[in-house]
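Working notes, beginning with the structure itself.
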Amino acid sequence: MAIKVGINGFGRIGRIVLRNALKNPEVEVVAVNDPFIDTEYAAYMFKYDSTHGRFKGKVEAKDGGLIIDGKHIQVFGERDPSNIPWGKAGADYVVESTGVFTGKEAASAHLKGGAKKVIISAPSGDAPMFVVGVNLDAYKPDMTVISNASCTTNCLAPLAKVVNDKYGIIEGLMTTVHSITATQKTVDGPSHKDWRGGRTASGNIIPSSTGAAKAVGKVIPELNGKLTGMSLRVPTVDVSVVDLTVRIKNGASYEDIKATMKAASESPELKGILGYTDEDVVSTDFIGDTHSSIFDAKAGIGLNDNFVKLISWYDNEYGYSARVVDLIVAVAKKDASA
């Protein structure tokens, strides 16, 4: 029996979560809610994607919903999450992907409509955060609202976990060179909280803040207070890259670290989550890659055996959305056996 899922917010992540879910027989998306997109437009936006290409299957708007490859998905247009009839639609697990309801209390509104569990596809200030392959052991079935953390945390955490488990991280700094996202501006415009963030996205490298490195301390408590970082927003439409520079306790050559990362990428715990490449790749080579993090063996460097720079790629849309689906499957299995 497939896990019944609803998606609130049919933006970049909502639509790509649906693309990933359609490939997974363990999951069935039964409903989508978005107050700003009518059904015809939802079908168009799902079918055509400037970054990930045209959807290969059949998409049509019919009977107040979407029919994708013969499967009917109800479409709602409620602004208030508590009014979305998830229960009537049969959706037990709801992906909260509006980017608005990221707090535990706000996301809990979905439970009033009949949802049993809410997965926030963004970092949360107070909901428990989970990174697949890193801290799923901490999940408890009585948790009703959880977060899949951020795309950058999903890239950084597996990398940091492998390094810390083998060598011990003393401290580190992270920079993510991050593609454009929907919150940025096409031309200079007002952005009162972040003045630099109001500048033209397509023509600037924009320094920005990110909580991704600090969030790793929440999913790997041993690293709490040992990592922080920043972001550089760059004019590419998709795919980002983490630069993690760390001091390690147990000295190792860069060659040894590469071997450790390769072995980890093939391990049962991280296969499909942590990737490994030793080829001369660039960012567009990773569009559509479903790994959370792809270690670039040729791009990193070591100053000495205790001070290294590690580079890891991620499709901040597709890879992250794949993990949202994986998280749903993982928690549903734990819920079923509780």
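The backbone N, Cα and C atoms fix where each Cβ goes, glycine too.
Site annotation (Swiss-Prot, ligand D-glyceraldehyde 3-phosphate) includes S150, C151, T152, T210, G211, R233; from T98, T181, T277, T284, the additional listed residue is T181.
The candidate list D34, D38, D285, D296 contains one residue that Swiss-Prot assigns to the NAD(+) site with R12, I13, R79, N316, namely D34. The secondary structure of R12 (NAD(+) binding site), as reduced to three states from DSSP, is helical. Closest in space to R12 (NAD(+) binding site), of the binding-site residues given as S150, T152, T181, T210, G211, is T181, taking the CA atom of each residue.
Under the DSSP three-state reduction, N316 (NAD(+) binding site) is assigned to coil, being neither helix nor strand. Counted over all residue pairs in R12, I13, D34, R79, N316, the record's binders of NAD(+), the longest Cα to Cα distance measures 27 angstrom.
The Cβ neighbour count for T181 (D-glyceraldehyde 3-phosphate binding site), using a 10 Å radius and every protein chain shown, is 17.
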